[in-house]
Amino acid sequence: MSGHLHAAPEPSATVRTPGKVNLVLRSGAVRDDGYHPLSTVFQAVSLFEEVTATHVAPGAGISLTVSGPQADVVPLDETNLAWRAALAVADHTGMDADVALHIHKGVPVAGGMAGGSADAAAALVACDALWDAGLSRQELTMLGARLGADVPFALLGHTAVGTGRGDVLTPVLARGEFHWAFAVQAEGLPTPSVFARFDELSADDPAHSPDPGDDAGLMAALRAGDPTALGEALHNDLQAAAVDLRPELGRVMEVAREAGTLGTLVSGSGPTVAALARTRRHALAIAAAWTAAGVADSVWTATGPAPGARLTG
Ligand code: C5P
């Protein structure tokens, strides 16, 4: 081969995927498989993970690097969901699992915003593109659901109802743009511990099923693009468990209320606290109130809904 060809950059594919907040999360009692039946409404927000899959020599195997905020606490081995996603695409297609993965993080780590699931979704789409595997959205979603309950939503994005483990999705019509502020804690909360605490707290009602609740108000608020009505409809069954494990989260939500939030809740299994704001300026004001009160290790603002997995390069 000529020197010119050697100097060319290796082929690569870059995919962007969003983090999420659960607008409503209702959970039933733990199933035999260790999962909880959920009835949830996801909204993707404009905090993005970016995964680049780059061609490497045959036999080189998988390698992984990470950049961005909190990159130092992300595992760089086969326990990383992006690594496992590359293996899943290779297994499913019969391709050799030779790829260099790079994750640029934009979603809080272990924060209840599905950053790891977003990495898995992005790696699935990036490897499919790099290897020209031609997998359908349906196949990618099936592989994603095996990797984690939140992975299918990171592929889909926007706003969707999730049932089953949260992986059976139905898109929801939402109008307009909602403004969010997020209070992030340096120390994450493992999702299994929050669900375990939830089980303990609901032990007096062992057979409870995920109350479908009355989410008509929430759906109407989304359709109308009405942030005030949406703020009133926010609800998370896991919140009491997360606050029980991290009592300081109560104060985080109180500060958001003092700053006039339209509604505040723990995001997913926490410990990130989400606050819905009237405008972008208001979201910045809530974030500033958290910083002034010293109740968050970092504060982030974003808008929702945001698109799902997208090839960007
Ligand atoms: O699917 P994923 O690996 O993201 O889930 C992490 C953990 O969260 C599960 O092992 C389980 O303990 C808990 N979980 C659950 N019910 C769900 C989703 C997650 O109990 N619907």
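In case you wondered, yes, glycine gets a Cβ from its N, Cα and C as well.
Taken from TrEMBL as is:
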type     : residues                                                                               : note
ACT_SITE : Lys20                                                                                  : active site
ACT_SITE : Asp150                                                                                 : active site
BINDING  : Pro108, Val109, Ala110, Gly111, Gly112, Met113, Ala114, Gly115, Gly116, Ser117, Ala118 : ATP binding site
DOMAIN   : 80-157                                                                                 : domain 'GHMP kinase N-terminal'
DOMAIN   : 218-294                                                                                : domain 'GHMP kinase C-terminal'
Inter-residue Cα distance where the pair is Asp150 (active site) and Gly116 (ATP binding site), in Å: 9
Residue pair Ala118 (ATP binding site), Asp150 (active site) - Cα distance, angstrom, rounded: 8
Rounded mean pLDDT for the residues that make up the domain 'GHMP kinase C-terminal' (218-294): 98
Most Cβ neighbours inside 10 Å, all chains, among the binding-site residues Ala110, Ala114, Ala118: Ala118
Ala114 (ATP binding site) and Asp150 (active site), distance between Cα atoms, whole Å: 7
Cα separation, Ala114 (ATP binding site) to Lys20 (active site) (Å, whole number): 6
Remaining residues near the recorded ATP site, that is with C-beta within 8 Å of the centroid of the site residues Pro108, Val109, Ala110, Gly111, Gly112, Met113, Ala114, Gly115, Gly116, Ser117, Ala118: Gly19, Val107, Gly188
Binding-site residues compared (Pro108, Gly112, Gly116) - highest count of Cβ atoms within 10 Å: Gly112
